[in-house]
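Okay, these came from Swiss-Prot:
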| type | residues | note |
| --- | --- | --- |
| BINDING | 37, 38, 39, 40, 41, 42, 43, 44 | ATP binding site |
| COMPBIAS | 263-272 | compositional bias 'Polar residues' |
| COMPBIAS | 289-304 | compositional bias 'Acidic residues' |
| DOMAIN | 4-240 | domain 'ABC transporter' |
| REGION | 240-304 | region 'Disordered' |
């Protein structure tokens with residue numbers, strides 16, 4: 001049984017706008033799938049259907065053999081905008097991911113259960129931000145904020161992680177950092193991951209399988225080796241009078257294909273909750289485009 005299944009899904013907005021047109025996709029547990037396509041192709045609509053934020057007009061969407069509406073916290077979502085509470089620490093923002101796992105008013109008000117705290121710290125460690133757990137979100141770079149967004153989704157303990165253009169506003173270095181940590185989280189936690197990206201170069205580095213969407217229709221479904229320049233030209237430039245361009249030009253950086261950085265952070269999570277945050281293992285610098293300079297500090301947030 002596939003972990004994710006879309007069968008003959010069509011989504012209409014109004015009477016005339018077709019966002020998705022008879023889309024059928026099956027995704028196996030543990031796959032890291034990247035959805036490619038030009039703006040307005042239907043990528044975000046597809047992810048919103050998988051997350052239960054919108055319903056298909058016709059067709060069925062299932063996760064683990066059950067309707068998406070029954071999946072609840074089994075689905076974690078990373079958005080294009082991080083939607084962090086910038087006055088709170090990275091730790092407190094990650095901790096809000098626990099809200100999806102309870103409807104108990106007392107739990108929502110306190111968010112201080114030991115298991116939730118441990119989950120938040122483990123998630124920050126997974127994305128290389130444990131040493132920055134007490135830093136206010138408003139003082140972080142764009143790339144760091146997106147990594148906190150990933151951590152927040154991981155606190156839900158999902159089996160499916162969705163990411164809608166998570167690196168579209170970042171420079172290539174920060175984008176690769178975010179994608180590397182996302183790929184690492186998927187590997188460590190055996191997550192099924194579906195991410196929409198428009199940077200073809202970065203997508204090729206991290207995806208295992210690629211689904212190309214154009215005008216609401218799936219026109220390609222294959223491996224990295226099968227994602228040829230002809231496929232990319234057809235996906236992005238079919239019907240256009242513009243000259244097809246290179247992989248790097250699509251990304252906007254004019255660079256060739258490169259292999260992902262294999263650097264990883266510590267996977268020893270059993271003692272995370274007792275670790276000094278100054279010993280967290282963040283690899284490399286983050287040059288995200290968000291450069292807010294709020295210098296207030298958030299103290300003592302992550303103490304158990």
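The backbone N, Cα and C atoms fix where each Cβ goes, glycine too.
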Secondary structure at residue 43 (ATP binding site) (DSSP, helix/strand/coil)?
helix
Out of 39, 44, give me whichever of these binding-site residues has the highest number of other Cβ atoms within 10 Å.
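That would be 44, with the highest Cβ count within 10 Å.
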Using the CB centroid of 37, 38, 39, 40, 41, 42, 43, 44 as the ATP site centre, which other residues of the same chain sit with their CB within 8 A?
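Going along the sequence, the neighbours come out as 196, 213, 214.
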Counting only residues 6+ away in sequence within the same chain, which have a CB under 8 Å from the CB of residue 42 (ATP binding site)?
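Listed in sequence order: 11, 19, 20, 23, 213, 215, 216, 217.
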Highest CB neighbour count within 10 A among the binding-site residues 37, 38, 40?
37
Taking the Cβ of residue 41 (ATP binding site) as reference, which residues of that chain separated by at least 6 in sequence fall under 8 Å from it?
213, 214, 215, 216
If you draw a 10 Å sphere around the Cβ of residue 43 (ATP binding site), how many other Cβ atoms fall inside it, taking every protein chain shown into account?
27
Which state, by DSSP, holds residue 38 (ATP binding site): helix, strand or coil?
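Assignment for residue 38 (ATP binding site) reads coil.
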I'm checking region-level scores; what's the whole-number mean pLDDT for the domain 'ABC transporter' (4-240)?
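A mean pLDDT of 91 is what the predicted model shows over the domain 'ABC transporter' (4-240).
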